[in-house]
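Participant: Below are the structure tokens for one structure; questions will follow.
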Amino acid sequence: MSNKFKKILVTCALPYANGPIHIGHMLEHIQADIWVRYQRMRNNEVWFISSDDAHGTAIMLKSEKLGITPIKLIKKIKEEHIIDFSNFNISHDNYHSTHCVENLFLLRKIFLSLSEQKLINEKKIFQFYDNTKKMFLPDRFIKGTCPFCSSKNQNGDNCEICGSIYEPTDLVNPISVISNSVPILKNTTHLYFNLPLFTNMLNKWIHSGILEKSVAKKTEEWLKSGLKEWGISRDAPYFGFKIPKFDKKYFYVWLDAPVGYISAFKNFCTKNKKVDFNEFWKKESKCELYHFIGKDIIYFHTLFWPAILEASSYRKPNGIFVHGHLTINGLKLSKSRGFLIKASDWIKCFDSDSLRYYYASKLSNNINDIEINLEDFIQKINSDIVNKLVNLASRNASFIHKYFDGYLADSLGDCNLYQDFIDISKKIANFFENRQFSSVIRECMKLLDLANQYINQREPWKIKQDNFNKLHTICTVGINLFRLVVIFLKPIIPDLAKKTEYFLISDLTWKGIDKPLLSHKIKKFKKLYNRINHDKILQLSLLCK
């Protein structure tokens, strides 16, 4: 990694404001948060922004069902989302909502710019209409069979199985999600963004190194098959922002929501005058911008969104980091399908570091799905964190306080392990930089094996009183090796890192790894982490019913 100071803006896909955060959402926010925390440890200026996606038919219908206004619903949901993210130590610098004055202003500004450039076309089309509910059906309120791979129960705009994008009218055997009736086709008028005009620009952009190879390959397939104009409007009734000069037309959520990245940062800059909005979002910006997203929304972020940014004279992202779906026993977690584990239920059974660590042990920079197995989860946490990491501190700290009044020795003796760990830090830093968190975990476990082997071979518990200097040195080495590993894992397990800082009476910083703690007093060891019991699985399963 370059020593040059960087300015970085990081976003996650916006959670929808019609229900709770589940551990699938948390996968993405934990992945981004680990990367953000690492960048902060390297003294880069990093701003981590997210927001609730607060518009759409689903919110309108849910508020009607609850007998409250959409405004009250999204306010309540946002408060719940913020609590959930806080419980998992997601360090957002600002968490906003797309239902805000900043988003309204930016949407209208962008729409006016697109219109003036004649990039918006008005078309008469046939659209599915629910004759029972007397309303046009948005894409996500139509289910049917994918016209490309024949997967059943797919959305009206894209297939979660093969990733194909299509028109709702292409679906086989469509059904209205709202009334479960067969929709009819009805004439209406909509606005479309001229996406095909940006084909050459997008082709150059996706091959500029900003996408992982598998993501670039998938995007290239869509480009080769030909881009279509992109609908940016929806019919009333709808909860969202009205399109100026178009009666009963509203901005579609896939224009509204990504603009939320910009509006959330705009709101942040309003509250933090030292941060310059234009420095990060102007077209020629030297700052870095990264989007963390799931693989089901690649198309929107690698084609539609960069074209909108290009047309509106905003900068494009330096990278789009894509992760796979989260599965349990092979089934994808999905709020719309009712198969999920709420973050609020998880935190009642397990601490936040445990999920962060388990996710990190499976995360890399590819888009493979991530499988959750609760038995494996418990085994991994108890083995890695309790048996290897925390036990290393416990067994050495007891001698330090029993015989040396809590003070570490003044040297590490002739032990070369400390320098070996420092040498490995460059490799670990590279893994962090490239989001290969599972490799970070593997390297740290190798280091812990070496550290524990060092202690076991020297058997400090057998050393007699006439050789206390040797005992002092061995235990000081053990504590310092423990400290280094916790520094490496600090972005992943912040709660344990904080407890370790209290125990060691020392901040855990990346720049501090070159200087071991010598002639330094530490506190008496208190349990840093509790072993997880298997009865927690039953507790979680009961909460999820």
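Every residue, even glycine, has its Cβ placed from backbone N, Cα and C.
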Participant: Out of 2-6, 52-56, 332-336, 457-461, which range is noted as motif ''KMSKS' region' by Swiss-Prot?
Facilitator: 332-336
Participant: Which residues, given as numbers and ranges, are at least 6 beyond the ends of the motif ''HIGH' region' (15-25) yet have a Cβ under 8 Å from it?
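Facilitator: The answer is 50, 52-54, 56, 58-59, 62, 73-74, 77-78, 80-81, 84-85, 97, 325-326, 333-335, 340-344, 346, 355, 372.
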Participant: Based on Cβ atoms within 10 Å, give me the single least packed residue among the binding-site residues Cys146, Cys162.
Facilitator: Cys162
Participant: Around Cys159 (Zn(2+) binding site), how many other C-beta atoms are within 10 angstroms of its C-beta?
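Facilitator: For Cys159 (Zn(2+) binding site), the 10 Å Cβ neighbour count is 20.
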Participant: Taking the Cβ of Cys149 (Zn(2+) binding site) as the centre, how many other Cβ atoms fall within a 10 Å radius?
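Facilitator: Its Cβ shell of radius 10 Å holds 12 other Cβ atoms.
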Participant: How does the motif ''HIGH' region' (15-25) divide up by DSSP, counting helix, then strand, then coil residues?
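Facilitator: Output for the motif ''HIGH' region' (15-25) reads 3 helix, 2 strand, 6 coil.
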Participant: With a radius of 8 angstroms around the mean position of the C-beta atoms of Cys146, Cys149, Cys159, Cys162, what other residues of the same chain does the Zn(2+) site pick up?
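Facilitator: Residues close to the Zn(2+) site, other than Cys146, Cys149, Cys159, Cys162: Pro147, Phe148, Ser150, Ser151, Gln154, Glu160, Ile161, Gly163, Ser164.
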